[in-house]
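Participant: Here it is, the structure, as structure tokens.
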Amino acid sequence: MGRPAPITRSGVVARVVFALTVLSTLAYCLFVSDRVRIDTSLQDLNPDTSLAEGPRYATQRLSEDISQRFLMLVKGADQRQVNAAVRELQIDINAINGLSVLTNDSVSSDYLSALSPYRFHLLTGAQRQALRQGAPDALAAKAQRQLYQLGDGIRLIPFEQDPLGWFSDYLLSRLEITGAASLDAESVIVDESGDSHYFTAFSVLIRDYPKDMEAQQHLYQAIEAASRDIRRNYPVELLRSGLFFFAVDSAQSAKGDIQLIAVGSGVGVLVLMLLVFRSLLPLLLSLGSIAIGVGFGIVTSALVFGGIHIFTIVFGASLIGIVVDYSLHYFYHYLSDEKGGDRHKAPGALLRALALSVVTSLVGYGALALSDLVLLKKVALFSCSGLLMAWVSVIVLGPLVTARPIVARQSLLMGVIANLYRAIPRRLPVMAGAGVLLSTLGAAYLILSEIPTNDDPRRFFHVSPALQSQEQQVADLTQVYEPGRYFIVSGTTADELYGRLDAFYAALDGQQEAVMSVRDYLPSPQAQQQNYALQRALYRDNGVLDRFYQRLSVDASQATTMKQAYKEAAGHRIDYAALLNSLPSLPPLWIEHENTIYSFVLIRKNSDLAALESAAQNIAGISYINTLGSAMSALEAQRVTAAQLLLVAYGLIALLLLLHYRSLSAVALLFIPVTASIVTLAILAGIGQAITIFHMMALFLVLGLGMDYIIFAREMRHKPAITQQAILLSAVTSLLSFGLLAFSSMPVVQAFGSTILIGNSINFIAAMSLLALPPSFTSDRKQ
């Protein structure tokens, strides 16, 4: 009975480097793991669109702002109960650390405080026209009438600071246009039976968005506790809407999937190893390689991306079934009861098989990084680093384990294999004919029938029906603007940007109320300077203010303070960026990036989108954005590109096989994963699954895992019985992991799992059939 080759100096160096890496990983997991952020953001599921870098940055900022807000809506039949419930809920929400309720009063007050110092630079269109055309006496008389008329003499700041009421009129007009003061106003709806229902909605700002799943869950529980108290104390219905709640719901679903896959795969591996091997050493190495691989994947993800996404952990849990393959093949080579005298020949073939196996798996998982989805890039990094480290652990630690005899219950597996061979073809013509027939039928079905596809990113994650229903109800009652549709205007200066906005508003031809932009919150810097010059008619000697005081029989000296304040305000203008800093409740419609200003124009619901888009076509620096449409187009393009890249991957692996084996018969073995991929797509389409980018990317793994089996079947052909058992165990663990993925509640995970489950099953059957052929069919000579 042989032993592994003695350890060389290079082997000692490799073990030292490996030990240092493992110790560093262990230290990181022990002492830094509490600071590793588990990301639950749904933004990673959004693809990069064709937008340039600047507009993409601006839209990302807008998306981040939207994700940091949510709506609460209270509805009931009793108006007083609704009002009382709203007041108590707002108090409870404000008491939660990190949350701020944005009420009508707070928004108006902040808006007033922010603009008041700049009131001499702010005028409505009607006020500008009045100053250009009106006589001072007429303007003073009008101000006097408004002062005494009920409802027209409102002063939002003290009379001494706004005696003519012009700033108050300006502010009220802005609040009316922007709708900033209307969200939490009471409204009433009448249902089909004629009953009235009152509702009030208010926005909540998440000042410090939770960085990880634990903090996110803590915040959610606090909101849920406040909501339960309201439902218990008042006869009202409480609804909520926001990306935060979708992220929590998806995280909970993913957490359940992690437990199912990790526990299911782990228990499956544990049972199989104990059932087949008669020693704890193989089990310890298998579990050790899993722990080392997963740990290293977590560390690399945390170092590169600053954390690990919850979906990455879901996919990573399936690595258990793949990582254990390396130790299984390694152990089966060193079985102590192996017959024959060729055991000393095996190490070279075994290492070649293991090396080619990990390369093809890395190709499969590494191809995920070619996608524009950040989530798939994270999965690729986690999986590739974890697989590689697990493979190295088997190569380095394997000789230590196999130094002692390893015994396996081969009779159990041989019985299973014997039964399997009764159902699958064992002759080359039959096997090749079956493959050609299945691939031809599958390809014909895919070509001739209309294959359902789905490129809608909203279908990528799980949404509970209750949450979706609440979202729709809140949107129907409160939504003012078109979701995901807007214009982006750019300019190198504020005046240039405002000039383009002015041109766009002029082109709307009476539809100005269909849009809202920074122009409705603040005039341009140039317009503010013009407004200041126009207001000189109000505050000069014997101007409108002096004549107004004369009409009120007030000493003209009372106007001195206002005149002085007007003079001191010269050159003091405000831009939207400064306003946003003072009033964070405003949407981030103004974003500066790399010497360019980007601003958003929001579109009100039920507007003529075609007419608005047409109005913007001939204006430089303005673009219409449909985020959902752009995302779907980008995902469709990625799905098509993935199919093309898959062909490239097949070509590269074919070249690798040809260079290594120098045999066309080796290249012909790629027909097996080709058939598996075609048949898998046909089956998925046949059972009604719409094909997505995730199905296509999973086919790279069907290629990689299929080549694993084929390579071992070819490299270890001198040990067909042993290799058959190793491949059987390897397939069982892999299919167990991906089979559990197929039953995930998350559509993206389910797509991966179902694709690999079907495709890898076909790969396994073909590999077992290949091992049943005479050795001449798997020799290195050309055929």
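Using N, Cα and C of the backbone, Cβ positions are placed for all residues, glycine too.
The transmembrane segment annotation in TrEMBL covers 12-33, 258-277, 310-328, 349-368, 380-407, 428-448, 640-659, 666-687, 693-714, 726-745, 751-773. Taken from TrEMBL, the feature domain 'Membrane transport protein MMPL' covers 217-403.
Walk me through the surroundings of each of these features.
Facilitator: Remote same-chain residues near the transmembrane segment (12-33) are listed as 292, 295-296, 298-299, 302, 389, 392-393, 396 (criterion: CB distance under 8 Å, separation of at least six residues from the stretch ends).
Long-range neighbours of the transmembrane segment (693-714) within the same chain, counting only residues 6 or more positions beyond its ends whose Cβ lies under 8 Å from a Cβ of the stretch, are 322, 325, 329, 353, 356-357, 360-365, 367-368, 371, 373, 376, 455, 460, 635, 638-639, 642-643, 646, 649-650, 653, 661, 666, 669-670, 672-673, 676-677, 680-681, 684, 723, 726-727, 730-731, 734, 748, 751-752, 755-756, 759-760, 763-764, 766-767, 770-771, 778.
Packing against the transmembrane segment (726-745) from elsewhere in the chain are residues 253, 256-257, 260-261, 264-265, 268-269, 272, 276, 314-315, 317-322, 324-325, 328-329, 332, 413, 416-417, 420, 462, 705, 708-709, 712-713, 716, 752-754, 756-757, 760-761, 764, 767-768, 771: each is 6 or more residues past its ends and has a CB under 8 Å from a CB in it.
The list of residues near the transmembrane segment (751-773) in space but at least 6 beyond its ends in sequence, with Cβ under 8 angstroms from a Cβ of it, reads 315, 318, 417, 420-421, 424-428, 431, 435, 669, 672-673, 675-677, 679-680, 683-684, 689, 692, 694-695, 697-699, 701-702, 705-706, 709-710, 712-714, 717, 720, 723-724, 727-728, 731, 734-735, 738-744.
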Participant: Are there 3 or more C-beta pairs under 8 Å linking the transmembrane segment (349-368) with the transmembrane segment (640-659), counting only pairs at least 6 apart in sequence?
Facilitator: yes
Participant: What same-chain residues lie close to the transmembrane segment (349-368): Cβ under 8 Å, and 6 or more beyond its ends?
Facilitator: 322, 325-326, 329-330, 333, 376-377, 379-380, 383-384, 387-388, 391, 394-395, 645-646, 649, 652-653, 656, 660, 697, 700-705, 707-708, 711-712, 715-716, 718
